[in-house]
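So that you can see what the record holds, here are the features copied from TrEMBL:
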- A:1-23: signal peptide (SIGNAL)
- A:58-76: transmembrane segment (TRANSMEM)
- A:70-167: domain 'Cation/H+ exchanger transmembrane' (DOMAIN)
- A:88-106: transmembrane segment (TRANSMEM)
- A:118-135: transmembrane segment (TRANSMEM)
- A:147-167: transmembrane segment (TRANSMEM)
- A:241-528: domain 'Cation/H+ exchanger transmembrane' (DOMAIN)
- A:244-266: transmembrane segment (TRANSMEM)
- A:275-297: transmembrane segment (TRANSMEM)
- A:317-342: transmembrane segment (TRANSMEM)
- A:354-383: transmembrane segment (TRANSMEM)
- A:403-424: transmembrane segment (TRANSMEM)
- A:436-457: transmembrane segment (TRANSMEM)
- A:502-520: transmembrane segment (TRANSMEM)
- A:741-770: region 'Disordered' (REGION)
- A:858-867: compositional bias 'Low complexity' (COMPBIAS)
- A:858-896: region 'Disordered' (REGION)
- A:871-881: compositional bias 'Basic and acidic residues' (COMPBIAS)
Amino acid sequence: MAACGRTRLWLLVSLVLVSPATGREAQFRSNHPDHPGEHEANLTGIPITSFKWEHVETPYLVALWVLVCFLCKLVIEANHHVTEYIPESALLICCGFILGGMIWGADKVQTFTLTPRVFFFYLLPQIILDAGYSMPNKLFFTNLGGILVYAIIGTCWNAASLGLSLWGCHKGGAMGKAYLALRCWRGETRSCSGPWSPSLCPSVPPSIYPSVPLFLRPFVPPFLRPSVSHVLCLRPAGDIEIGLLQYLLFGSLLAAVDPVAVLAVFEQVHVNEVLFIMVFGESLLNDGVTVVLFNVFDAFVTLGGAKINAAEIVKGIISFFVVAFGGSLLGFVFGLLISLLTRCTKKIQIIEPGFIFVLGYLAYLTAEMLSLSAILSITFCGICCQKYMNSNMDESSVQTVKYAIKVFANGSETMIFVFLGISAIDKTIWVWNTGFILLTLLFIMVYRIMGVFFLTWILNRTRLVPIEFIDQIIMSYGGLRGAVAYGLAVMLDETKIKEKNLMISTTLIVVYFTVIFQGVTLKPLVQWLKVKRASHSELTLIEKLQNRAFEHTLVAIEDISGQIGHNYMRDKWNKFEEKYMSWFLMKPSARKKQDRLFNAFHQLNLKDAMNYVDEGERRGSLEFIRNEGAFIDFKKKFDDEMSEAMPDIMADMSDDHGRAPPKRRDTVPSVSLELHEQSMRGNRAAEDFNSHHLLQQHLYKGRKQHRHRYSRSHFDINKDENEVQEIFQRTMKSRLESFKSGKMGVAPPKTITKHTKKEQQSKMLNGKNRSYLSGDEDFEFSEGDSASGYDASFPTRVAYRAGDGIENPAFMPDVDPSSTMHIPPWLADVELDSVAPSQRAQVRLPWTPGDLRRLSSLRTSVRSSDSFQLTDDRQGDRDELPPPPPPPPRRDGDSV
Amino acid sequence: MGSSSSNLNTIPNSQELMQETGFSAAHLLRLYERFEFLDKDNKGHLRPEDFEAVQELSTNPIGDIIIGSFFSPGQETVDFPSFVRILAHFRPAEKNRTRDGAQPEPANSSTGKLKFAFQLYDRDRDGKISREELLQVLRAMLEMQVTEEQLESMAERAIQEADLDEDDAISFDEFKKSLEKVNIDHKMSIHFMK
């Protein structure tokens, strides 16, 4: 099989990559890397080159590991038929097993494990930041009550019940024998504390080996078989030494549902959004509880049972509130800071996307420093800043943040799972106690189910929309444990907790069981139970409109009936937010246009336009334009499409009064930034890239093709007026040529042509056309100026797709110089004061949708195109004109 | 409770109202208190001015429209039973409500809720949302944020999305159809009326 071969090849490659590195790492560990000059002193001459491994060792290894992990993911994702059934996280763990085996084989010791420091400081923050940043805020806050109940009460319940039950079983004698493999180096007299004694160490005792049934022993990989180089202590049969408090500590570290694991598994199973946000929100917010429980019990274990009194317990409870709310508040403050900073980054756009990463990380570290909940801090930081940041920053920066944050989050998620796998292949941590492990697994499942059902029962009494029975099952089953639990387990203090290794092993088993087994079975379960899936997210305009109307209605009814309900509160908050927070945190220009409904409208139009163009391409260019009958199922929104599909023509006439068009904000409002919608957003991204590609292909290539001025702070923009002028003249010429040769029998409206020219020239004179990016093939989307960035790019793109659909080269060249100029009239309105009205009317003519409709109808009725001029008095006869427009590209030609 | 039952007696036709709307006695009482509170000079009915006196309502972009929906066409006042009947639209629907065929559709069924929503637009109650009616609502909701042309093109699009028989207006059936994917029960229910 090809896949098999691929895998083998990859194994070979990674073996080559890993083994020398690990081998050397072990080798260099012994000698000091701190004296690089030492051996150079022996040299007599100047070395031409030298091999300085220790010089680069750590960063080199880190980079190699990142690479290896990414390659793992690459290989896994290449096998679609596998990932369909087994979640990626499970496969990554298995990859980790293999890698770990190789390392073990090479080193006879696990050189690389997931250390808590690496995990909590370098891998976790970006995942949580991503979760916060792309959190569907409205959904989250609507369900916040439920989420908090699960996160706080549920987690406490999990911890307490698990700890107590294990302790009970322990007392009842269910734990049985523990096979412990404590490795002592040969000749070392290890002072095994407690019941350990060196005398008990047999010469070559097996570790887990004896517990493996005889018939399975040949299958045990050699690296797990007892090695002669080690002397191992085998713990005699007897009770494991864990007290009640230690059990509770263990319970608290295993109590929390893990955000990384949940996200990884649920991302692939598209359950309905309420269910998703419940599980995911719980996994994020329970961190506060986990941290507190862990710290409190850790302290209790240190104190010892006798010293615990009511005061300490009260302190523990208080510390919960401080940790949780303090962490959230800190995150909130940092979020505000990010919003404020992005408000004034107009001059440093190139690094503006960096703020969220740096400040988010600082929020995390600060919380860690103050021993508050770091996860809560960075979550709320992301949640709080997303809206303001997205509207303050330039659109290209927003895209940068979106992609970069995903790259980081996905990358470290990959690494976490791989390292979770690698960490397992380490004989030193494995302590097998069948009773303990099985009981833990059982209790985790059972208590999770009990907790979820009980809490849901309480919640459903007050919830407007009760959580369904099936959803509860999935919620219980989705209680995945992950790397956070493992990280906490590793952080346990061995001197205080004798059975640390047993706890680590059990935690690992629990993690593997939940991530692999439950992860694999979750999808079939969801299908089998017919859990409600994520609802369609592509609302139509009328749905959006109606949703808005519903919201207002509910608020009004609450007002009328004099009750303070959720809607009332939300309305108050929205008003407050709009009035003060937006004012404080948003750029004035960004604040002006932030109507969601309108943005939705615009977005729908853009999408239609894209569909339209795609369809046009599929049907084959000119045929598509010429043949009126070749029309397609466009959900009859022709006129809207038209305005979007043809910015190229429009753009000619659109005005450029040296004004940057007002910023178009992120078209996806925060609400719909759902994690589920990754795929949808993926599509959008794909569209972006697509069109970008098209643009690159078809952009007019000026004579000085690659005038690539490297600048660290600005993407290069072609500002040379002469060149622009030349482009313009050439394109106009070619346009006219092509027009003469092949347009569909409609006389060219000369007025328009003239007008266009005039416009163009006046534009030239204006001199402020900073957005002539067309000449620069590489950076069409990335001008340096924030204000014009998005507007420019969007219509340009659409224009290009339109052009492409037509496949008439004559139309291409001039599209972008002008289209970047284009300002949708509604956006431009505010800024046009300096322009004489008549000119303004002319200039804007085809862009107002109303006019478009009119124009289109004119086209259908094949009236004289001179009636273009009617557009000046826009208010006139709009209503009497029927809406059905012809295929937009036709008008392309007309306007020439 | 003794006091509440005595209070309940002051409400005219309280039993029928409860039967009809499904409100509990407590709910009805609370609404009655509210009604009396709104009814500043004890006329026994409310006029639009009484509604407008509610502070928050004046900031609601479609407040006027909603107030208007309380009054049947041509009428200047609304009495308590009608008031309650309107509010009954917002009661969350029970799952296991037994409905015998003789009973009319309860106000809080999703059709009932939709009807109410539809009437918000359909000011002239001709059974169709015309472009002009839609525009009015849009204008109110979007306030100053967009230009008139845009409003028009939005209305245009909304109508085209819903309009199946191409009469340039949205009938109730079309309205219902266009919103069939929206969970009306959730969107048009108020929690405390449960």
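Placement of Cβ uses the backbone N, Cα and C atoms for every residue, glycine included.
TrEMBL entries are annotated by machine, without manual review.
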- Counting only pairs at least 6 apart in sequence, do the transmembrane segment (A:403-424) and the transmembrane segment (A:275-297) share 3+ Cβ pairs under 8 Å? no
- Report, as numbers and ranges, every residue of the chain located at least six residues beyond the transmembrane segment (A:147-167) whose Cβ falls under 8 Å of a Cβ in that stretch; write 'none' if there are none. 140, 242-244, 247-252, 254-257, 277-278, 281-282, 284-286, 288-290, 293, 436, 439-440, 443-444, 447-448, 450-452, 455, 458-459, 475
- Is the transmembrane segment (A:58-76) close to the transmembrane segment (A:88-106), in the sense of at least 3 CB pairs under 8 angstroms with a sequence gap of 6 or more? yes
- Message: For the transmembrane segment (A:317-342), give me same-chain residues lying six or more residues beyond its boundaries with a C-beta closer than 8 angstroms to one of its C-beta atoms, as numbers and ranges.
- Response: 132, 288-289, 291-292, 295-296, 352, 355-356, 359-360, 362-363, 366-367, 370-385, 388-389, 392-393, 584-586
- Message: Under 8 angstroms for C-beta pairs, at least 3 of them, ignoring pairs fewer than 6 apart in sequence. Is the transmembrane segment (A:118-135) in contact with the transmembrane segment (A:354-383) by that rule?
- Response: yes
- For the domain 'Cation/H+ exchanger transmembrane' (A:70-167), jot down how many residues DSSP puts in helix, in strand and in coil. 81 helix, 0 strand, 17 coil
- Residues of the parent chain within Cβ reach of the transmembrane segment (A:244-266), under 8 Å, 6 or more residues beyond its termini: 87-89, 124, 127-128, 131, 155-156, 158-164, 166-167, 170, 276, 279-280, 282-284, 286-287, 289-290, 293-294, 296-298, 300-301, 305, 375, 413, 416-417, 440, 444, 478-485, 488-489, 492, 497, 499, 503, 506-507, 510-511, 514-515, 518-519, 522, 675
